[in-house]
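Would you mind keeping the following structure in view while I ask a few things?
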Amino acid sequence: MLGTDRCVVEEWLSEFKALPDTQITSYAATLHRKKTLVPALYKVIQDSNNELLEPVCHQLFELYRSSEVRLKRFTLQFLPELMWVYLRLTVSRDRQSNGCIEALLLGIYNLEIADKDGNNKVLSFTIPSLSKPSIYHEPSTIGSMALTEGALCQHDLIRVVYSDLHPQRETFTAQNRFEVLSFLMLCYNSAIVYMPASSYQSLCRMGSRVCVSGFPRQHEKHWKELCGRIVLDPEFMVQLLTGVYYAMYNGQWDLGQEVLDDIIYRAQLELFSQPLLVANAMKNSLPFDAPDSTQEGQKVLKVEVTPTVPRISRTAITTASIRRHRWRREGAEGVNGGEESVNLNDADEGFSSGASLSSQPIGTKPSSSSQRGSLRKVATGRSAKDKETASAIKSSESPRDSVVRKQYVQQPTDLSVDSVELTPMKKHLSLPAGQVVPKINSLSLIRTASASSSKSFDYVNGSQASTSIGVGTEGGTNLAANNANRYSTVSLQEDRLGQAGEGKELLSPGAPLTKQSRSPSFNMQLISQV
């Protein structure tokens, strides 16, 4: 300690002792102007063998017990450095040099837990109402509250939480050491906005040293003195993080990041969940660059104001909304594939297209939007297979058959997907009693074109196909196919039952299709509208 610093400290000690009570207020207003006093006091506190340490601790306690608030804050700025020296001396078991600092810490603690009458204080914490807006949340995100009599009664109710009573302590023990130090850190954090920059630096240095002392990370620091391992408490580390978080945004960005990493390092080794939770939340919320410290006297944290536009959609996801989304997607896919041919689903999937306009009530739509979307989706998957089948049939047809087929295909120009309906049927159909399959040679289609669709086209008759065309009185086209039809597996099994009903009367043009009149295979009825 230099002679000039010693003279400054001795002058400060003698000045306050001779100060009358009427001048304490003016003395407190001019105390912060002594720029050389604070660094000199730090040097006295750091040197445990200094003879001025005991009178300095006594003088700091007298300032704290005075009625002037600014004198209390002057003593509080040295609190982090006093804690570090106390913990370092406790580990080294130097009880003689530690007595005055221990008495000062206990004196501040006992003054804070009691009021003027000597009764223990009860600390109160106000819980803000979530129904009122703040810079941290929007009340609309919570949901609408029911306007009841109970809600109206509790609208302006302020909820207050009270802490337990803190007993007075006469000495430090291993059981109550960090209980006292945690409470002292709480008092320091409550007045941290009034602390100078030197106090923030002392807080960061104290946090790094108490966390890494006695661990391998200590050798990476540029400290002159080495210290043993210091036992820490999770609550004390959380209070330490509270002060460090404020110091980082008020001029101590580099020191704050260093102590934050050291606290995380120690909390991971000790498996302290609460300090880990707070420290990781602080680290993840830090900006990439240091905050703007050009504005002098800035004593607030920069907090992002809640945006006016909500960032998270509050639309409830229900079964109905998922169904509507699926229908919209199928409708969009159906519009893209609207020009493609319409084919029926596979026979093994259990769907049949026995739809007829005459079999439906007047005023009802024969198909829904979802069914049309399904038909268009099926059409894209089966177009390649149908092209191969059509090319195989073309190769076996005569020139005349091809001309006839072209004329037949060009006939129903007014067909639309709206005249097609899917109706669920069973996979395996059985003929009812007395029902026979009409012979294929006697089939004549009047105004209805029956297109058989099946997954397995296993059997194709190799004989030459003959086709005849007959035009009815109403302009309908009749097509008779001989030995050129494609049979499904179900059709081949039913053909073995016998051909007893060859002369059975066929359907009339206007008669609706019934279960007996439909083909047992899965077919799709395309109705031409005149």
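Glycine is treated like the rest: Cβ placed from N, Cα and C.
Features from Swiss-Prot:
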- 353-373: compositional bias 'Polar residues' (COMPBIAS)
- 514-530: compositional bias 'Polar residues' (COMPBIAS)
- THR30: phosphothreonine (MOD_RES)
- THR306: phosphothreonine (MOD_RES)
- SER321: phosphoserine (MOD_RES)
- SER341: phosphoserine (MOD_RES)
- SER430: phosphoserine (MOD_RES)
- SER442: phosphoserine (MOD_RES)
- SER444: phosphoserine (MOD_RES)
- SER491: phosphoserine (MOD_RES)
- 328-410: region 'Disordered' (REGION)
- 502-530: region 'Disordered' (REGION)
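Distances, neighbours, how buried they are, the whole picture for these features please.
Counting only same-chain residues six or more apart in sequence, none has a Cβ lying under 8 angstroms from the Cβ of THR30 (phosphothreonine).
Within 10 Å of the C-beta of SER321 (phosphoserine) there are 11 other C-beta atoms, taking all protein chains into account.
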Three-state secondary structure of SER321 (phosphoserine) from DSSP?
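Its secondary structure by DSSP: helix.
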